[in-house]
Amino acid sequence: MSVIDQNAIAVGPRISEADVGDYLALLKPRVMSLVIFTALIGLLIAPGHFHPVLAITSLLCIAVGAGASGALNMALEGDIDSLMSRTANRPIPRGRVTRQEALAFGITLSFFSVLTLGILVNWYAGALLAFTIFFYVVIYTLWLKRWTAQNIVIGGAAGALPPVVAWVAATGSIAPEPLLLFLIIFFWTPPHFWALALFRSDDYARAGVPMLPVVAGPDATRLQILLYTILLVAIAAAPWPLGYFDAVYGVVSLALGAGMLWFAIEVFRKRERSQSLRANRKLFAFSILYLFALFATLGLEAVARMIAPLIW
């Protein structure tokens with residue numbers, strides 16, 4: 001990146017005109033899709049009848065809140081993004097959107113999502129969505145990410161809250177089921193992101209981000225990945241014997257957990273650079289499949305319970 005581009009990021013001027021695609025990129029669409037999916041599962045497993053219009057409204061508000069968090073995150077991390085190859089093409093490092101514009105965009109969407117959810121659905125869900133945005137933007141982005149190697153561990157709480165917000169939107173209360181979903185995502189986050197950090201450690205080191213591989217080294221990170229994966233597999237399987245989720249979920253969680261554990265062990269075992277790189281990438285890719293399949297199973301079980309009375 002040129003000196004001119006670096007200076008542009010520091011002071012925030014526009015280098016070229018932004019288009020709709022640039023503002024969509026600020027929303028972090030991939031992260032939004034995961035948030036929508038996990039929130040949808042939170043809605044589906046919630047008890048009772050939730051009006052479809054309110055359900056759609058809740059999902060949209062949660063999605064917009066997640067997008068707002070992404071925009072604010074990019075506005076506050078323009079300096080970091082410009083130094084990392086993975087993020088250098090984002091709108092702010094490219095000079096397509098200024099930091100001030102991203103901040104205004106994110107703040108506007110934050111207020112819109114929280115107020116709409118509170119007014120149209122319930123204020124418990126609105127308050128929890130506001131807390132989720134605050135936690136991600138202030139606690140994680142401004143503090144944890146820049147100052148501690150445990151940034152992903154603690155900060156993972158923000159990414160784990162959407163299904164809880166959805167459940168509260170549907171019921172107006174809290175229960176063990178959404179808390180179990182929270183714990184699954186919370187303990188899934190470290191192995192997922194540390195696998196990424198292992199093969200992107202040079203990027204993080206260059207940007208001065210204290211990710212675990214940068215601070216503690218790859219060996220310590222591999223051990224932490226394995227330990228968190230063991231906890232994840234145990235926590236994900238627990239709802240079945242505890243009677244919260246059905247046997248189909250239990251079998252799927254054990255099968256997926258075996259796969260997750262296998263890839264984590266491979267990451268722990270393989271230290272040679274080329275083999276380690278492949279193992280890290282495989283764990284990262286499988287972890288996405290793991291979470292999707294696990295939550296999809298819950299969603300399918302919930303849908304089956306809904307339509308069963310209509311069939312029989």
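Cβ from N, Cα, C; glycine included.
Under 8 Å from some Cβ of the transmembrane segment (34-54) lie the Cβ atoms of residues 62-63, 66, 120-121, 159, 162-167, 169-171, 177-178, 181, 185, 291-292, 295-296, 298-299, 302-303, all in the same chain and six or more residues away from its ends. Annotation source Swiss-Prot lists transmembrane segment at 34-54 (among others).
Long-range Cβ contacts of the transmembrane segment (56-76) within its own chain (Cβ-Cβ under 8 Å, at least 6 residues beyond either end) map to 26-28, 31-32, 35-36, 39-40, 43, 90-92, 99-100, 102-103, 105-110, 112-114, 116-117, 120-121, 125, 129, 132-133, 136-137, 141-142, 158, 162, 165-166, 169-170. Residues or ranges marked as transmembrane segment by Swiss-Prot: 56-76 (among others).
Look at Swiss-Prot and you will find 119-139 (among others) tagged as transmembrane segment. Long-range contacts of the transmembrane segment (119-139) within the same chain, counting only residues at least 6 positions beyond its ends with a Cβ under 8 Å from a Cβ of the stretch, are 54, 57-58, 61-62, 65, 68-69, 72-73, 76, 106, 110, 113, 154-155, 157-159, 161-162, 164-166, 168-169, 172-173.
Annotated transmembrane segment per Swiss-Prot: 152-172 (among others), in sequence order. Tertiary proximity for the transmembrane segment (152-172) is limited to same-chain residues at least six positions away from its ends with a CB under 8 Å from its CB atoms, namely 31, 34-35, 38-43, 45-48, 50, 54-55, 58-59, 62, 66, 69, 117, 121-122, 124-125, 128-129, 131-132, 135-136, 139-140, 144-145, 178-179, 181-186, 189-190, 193-194, 197, 211-212.
The feature transmembrane segment is assigned by Swiss-Prot to 179-199 (among others).
Within the chain carrying the transmembrane segment (225-245), a Cβ under 8 angstroms from the stretch's Cβ atoms is held by residues 176-177, 180, 183-184, 187-188, 190-191, 194-195, 253-254, 256-258, 260-261, 264-265, 267-268, 283, 294, 298, 301, all 6 or more beyond its ends. The annotation transmembrane segment is assigned in Swiss-Prot to 225-245 (among others) on the grounds of sequence analysis.
Per Swiss-Prot, transmembrane segment is recorded for 248-268 (among others).
Annotated transmembrane segment per Swiss-Prot: 283-303 (among others), in sequence order, evidence recorded as sequence analysis. Here the transmembrane segment (283-303) has Cβ contacts under 8 Å with residues 34, 37-38, 40-41, 44-45, 181, 184-185, 188, 191-192, 195-196, 199, 225, 236, 245-246, 248-249, 252-253, 256, 259-260, 263-264, 266-267 of the same chain, all six or more residues outside its ends.
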